[in-house]
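As written in TrEMBL, here are the features:
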- B:26-47: transmembrane segment (TRANSMEM)
- B:112-317: domain 'ABC transmembrane type-1' (DOMAIN)
- B:116-139: transmembrane segment (TRANSMEM)
- B:151-174: transmembrane segment (TRANSMEM)
- B:194-214: transmembrane segment (TRANSMEM)
- B:256-278: transmembrane segment (TRANSMEM)
- B:298-324: transmembrane segment (TRANSMEM)
């Protein structure tokens, strides 16, 4: 029996450039193929070509077969009949792929209705069944809602419902969990896997995340710049990769613990004590304290909305704190930007997540780096040029890039320049806000290495903000876990490695996919004990906590438990927590 | 984030959620109108200097001027004068027209209906045409039709009304003798005559208004067509016509209504030229007369009416946009 | 010059037409009087409202003056008043917009509220009120038309500036300790130049139309000066004869404004098609 999906010598060109260059693969019925690659690898382009769709006027050539149908030979009417009925698509960002003006139900049932596969009532009944199968809350009524009333994880599952409602032969999932927090990702992946299997569809899973792919795929195709690098069974590609590029990807996916520990000073350089902050009347940080020595690294972890970026903004003075103090080498910094001396500004530098927006697009690399040199150190002319060259060398970029406009750089180069601009100030504290999140894994790993190295060479204290617990664990001397604006756990590296954690930290750790098949099935998604209960003074994590104690956690604020290099806010005793996270 | 859908209750009743928002917009429009009145009064009533001196001329003695100032109330503080003036406006009595020597209210009430009729006819002609052009342009983006319409509307928005008007007169009145070149609008005129009289003014006004409205409509629809949800709908196998009708239009309604309101407000300005050319007895030509004769009470009243109409149009568009947007409707 | 040629080549046909028209009128405004066959006030025709002839390429006007010469003289008022007022409007509007966007807070609130108020007065009405109050000398006309279009420019410029201010590189500059002036002029302004130029062009078109409209109503440029709008007005009595004296100046204004509009549109970044 021939394969269910067969692609032969697929070529997609746009503007004379090949985005996809001679890719071939086959998928057996009911199997899942993963397309793996970094941005620009052509993985999404290939996925869309299976539906006969291309963006930006690209042209598709080559053979695309689905069952007995040659998709590449279909006309517009044929494609219209195919899409949503035999092949369905789950987009990366459900938030923008849903029409904001129509109810969920209208959109989910639409494929059935336009293909005349069911009447309105039957379609809605099927939708509700799917909502239930995808473990969505209140499946009976969720359809009456509008997209903006639902969370990202819910929308992503609803998008899966919309794709599966016609029981398609082939489902294409395009980075469906990339925009989600890890804790949500696990639930969504589980739901997807069950739902796809129950429909019996063949699937293509597009992703850059090897560990996620390990959970979903039967076979893997590794892409780089539109070409196939390696293709094979998932097990083989993940555990015995034959291609160099695949090995690089694998290497970057597992952060190495750093080679030599940094020389850490004894005295606290940066001290944050009892800091509160709010946007308008909405409190975003509550009672945060930390202290950081010269050359030390503090990792701040938390999911979106935890207040981790706000912490950096408060330290930098961009958001004035409402209470508490921030001091640098014993000298208290003014609350906001006003009143800070140029010297105080110089000593604390901020590096942003998105280098595309962090660099002024009208400037050259040289101009971007020269400004802090002139501003803080009064360097001009030849002296400034020499310093720019030195900085470029420091971040391993060729000196001739100085005359290049920042827009002409690649993502990784931009992030290096972004970093160099902060270093130009010769800072004592570097605040790095998700500096690798917008980058491809390999590029991001290189930036991490660079930061770590510079920090050790220059003795800069670093606050490293990230949503990725494994990166933080590998790179940082101290860890601060934020949830809902509260520091639920704070530990030094050694104590953090011992395995006694706040239940939220445990949840985060458990949610990070591992690179082995079967992890997803074993991953615990424990229900919250006291969902729906919350209060201003109570534990912030209470509504999601799987080990909450009724009558205690919902009655009194959590006490501070501290032990050897560790402090956390929980009603459970430290030794009880040890047993729980095992 | 998971906890957001907890009770699973149906969304609150649409209207009750929206009322406070609409009330806020109405309040904001009223505040703006109040500020506008202050600007108009300051410019036309306070800054131009001494009306008494001007009335009497250079030869008047200081005593004469002082007497007239007192008589005209010009010796009272500015704020008092403003409050009196505003009170009069609000009660529908903006004072006496200096030139016509009769209450401003009577002068205006004779003219306003004509202007509203002209605006009404123009809207009736231009709105459907403009929407058709704008939508057709947007869904054929980049195509020949779109490019042609783009250059046409682009040119039309920049054409002065008096060019359209004079060309219209030359062609339809002078050469073809189809239409009168001067608008004879009176209560005795038959409907047919009124329509014929209005034809050229409406034509002159419509050209610019249609072009403007069509361009804004195209932009609104094209903006929606670029959204990811449109691609998603296509990938569900939804036919393009249905995508436009059921996916794009609900989202474009707000911006389109806004475009219509803004373009229609342009009628107010355009009417000034057109009414003058055709001797059309409307509010705009009345205002021009007021400027020429420096009849300030009349001028102020006309200006306030135009501003109030503008604000009403924008407010209506705002409210429609709120009602069309589920994000605002069900907060 | 080759840069200019390649720039012109990069434009679509409509843009090239627009560019030629704008350059043509700029040239006329600069050298028009020097090449005019007759003086601006010279009575050279026995007849009035003569049709087009070799002696009077654009006919003669209601007093028997050469329309071509009157046009060549009049264009400078239209073009230079328009450009001057547009420049003034953009300078004021953009300065206020940058102040509002960079300072934020109550400064932004107050400025935006004030501009919202002014923009609620339709531009022609606003201009009429000001003309009635202050008169219409050339300097006043320049100021009045500029002020009329300040709120429009402010609104555009503020939207642009607020967008740029929200970008990380501005936050970085602030966290570096840079002052408001540096942020406004070095970080924000250079990133809004292109749309601002387009808006300047648009203001120019609006102002030329407004000025011509005012002159047409007899409230704009006053004798002895005459801009293109005044030429249309003074020859209104020729309308029933279909005299070129009334159509030509009106066409002249239209070619200028349409040309400018076509040029601005062609300069916009190419819209992606999909």
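In case you wondered, yes, glycine gets a Cβ from its N, Cα and C as well.
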Practice item. Could you check if the transmembrane segment (B:298-324) is in contact with the transmembrane segment (B:26-47), meaning 3+ Cβ pairs under 8 Å among residue pairs at least 6 apart in sequence? Key: yes
Review point. Do at least three C-beta pairs under 8 angstroms join the transmembrane segment (B:151-174) to the transmembrane segment (B:26-47), pairs 6 or more apart in sequence?
Key: no
Revision key, fill the gap. Counting only residues at least 6 beyond its ends, the same-chain positions whose CB falls under 8 A of a CB in the transmembrane segment (B:256-278) are 115, 118-119, 122-123, 126-127, 130-131, 134, 160-162, 165-166, 169, 181-183, 197, 200-201, 204-205, 208-209, 212-213, 216-217, 219-221, 284-285, 287-288, 306, 309-310, 313-314, 316-318, 320-321, 324
**Study point:** Non-local residues, at least 6 beyond the ends, that sit with Cβ under 8 Å of the transmembrane segment (B:116-139)
**Key:** 145-146, 149-150, 153, 185, 194, 198, 201-202, 205-206, 209-222, 225, 240, 244, 256, 259-260, 263-264, 267-268, 271, 274-275, 280, 282
Check your understanding: What same-chain residues lie close to the transmembrane segment (B:194-214): Cβ under 8 Å, and 6 or more beyond its ends?
Key -> 117-118, 121-122, 125-127, 129-131, 133-134, 137, 149, 152-157, 159, 161, 164-165, 168-169, 172-173, 179-181, 183-185, 259-260, 262-264, 266-267, 270-271, 274-275, 277-278, 280
Check your understanding: Which residues, given as numbers and ranges, are at least 6 beyond the ends of the transmembrane segment (B:26-47) yet have a Cβ under 8 Å from it?
Key -> 78, 81-82, 85-86, 89, 296, 299-300, 303-304, 307-308, 311-312, 314-315
